[in-house]
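In what follows, a single structure is set out as structure tokens and then discussed.
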Amino acid sequence: MLNQAEAVSGERVFRRNPLRSAVGAIVLSAVLSAVTLFVLPKFLPRTMNISTRGVLVLVVAIALTVAVFAGFFWFRNIRIVIRPDAVEIGKAGNRETFPRATTAFRSKITEHRTNGLPSGTTRALIVHTGDREITIELPGYSRPLFNELMATLNPIALPVFDDPVAAARAGAQLPTQFTIDATGERRLATRITVAAVVFLVIAIGVGLLVAVPGFVDSELSALILLAPFAAVAAIGFGIGAVQRRRLVRSIPAQVSVDSQGIRIDGVDTPYAQLARIWLTPPAYPVKRLRFDRAAGKTTTHLLASSRVGITPDYGDLLLAVRARTAHLPGLLSLDLE
């Protein structure tokens, strides 16, 4: 696929999806051209004839279109080529190569909000080389593509032990059984469900009262105003209840890890059936486990949040999975949301 990393002769190439870039450029160009058509003539001298106005508007629209396409496909089109010994980053005519042996890479993800609502996400790659720190924004990089990029640059590896016995002992000390407590999440789902039922009962009750002869002319007729508000609230809480119930179903009670696979609530998932295991970094407030199966199906489990607890600690789970999948390099990656 165009929006995914390409493997070419021992190297991996990452770039934004050209099709999405083209669609975005076309849409933005159309909007700017329409604005130019309706707004620019208002600022032109009234003495200017219609043909000259038309030519000027056309020239401005073409200039804006060229600028938009240049921005999408040149100035903001960052291409990253990862080779075994070096990483090449940049756009055509302005690329820089960093040796992997002396360069460190880390991610920077910024979520933007407008009036408290998510309005976008900026993903960037921070490059540490020598005494330099370079921040490279990656516009157009989707979450899966950025995750794959960071998994390739910073694969999760076990610490190196000179003594194999010490390595085995370190792995054996890690817990393999984990218990998840979803009481808080279930309690919230129950409260939202109860609220939805209460508002639904109110809406139905008021609707039935309207059918009672003489109610509309009585002093209680003002209660009719409650019906639409109660109905809207019932729908809103109902949708929230469905979403919360679905989230609760994704929370397992028990997770166990061994060298063959991961067992969730008694169901075994062998590593051989998985293309990738994604675990949220421990510093994230919401921690998830996601399986990308070789057959193409994806399964996500919520393991920890402010209302979901895990025992032992989630960080121990990450270390345990890392240790048990050491013989399968590339299987485990961090899910950078």
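Cβ atoms are placed via backbone N, Cα and C, with glycine included.
Features as listed in TrEMBL:
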type: TRANSMEM; residues: 21-43; note: transmembrane segment
type: TRANSMEM; residues: 55-75; note: transmembrane segment
type: TRANSMEM; residues: 194-216; note: transmembrane segment
type: TRANSMEM; residues: 222-242; note: transmembrane segment
Subject >> Beyond the flanks of the transmembrane segment (222-242) by 6 or more, those residues with Cβ under 8 Å of it >> reply: 189, 192-193, 195-197, 199-200, 202-203, 206-207, 209-210, 216
Subject >> Same-chain residues near the transmembrane segment (194-216), Cβ under 8 Å, at least 6 residues beyond its ends >> reply: 223-224, 226-227, 230-231, 233-234, 237-238, 240-241
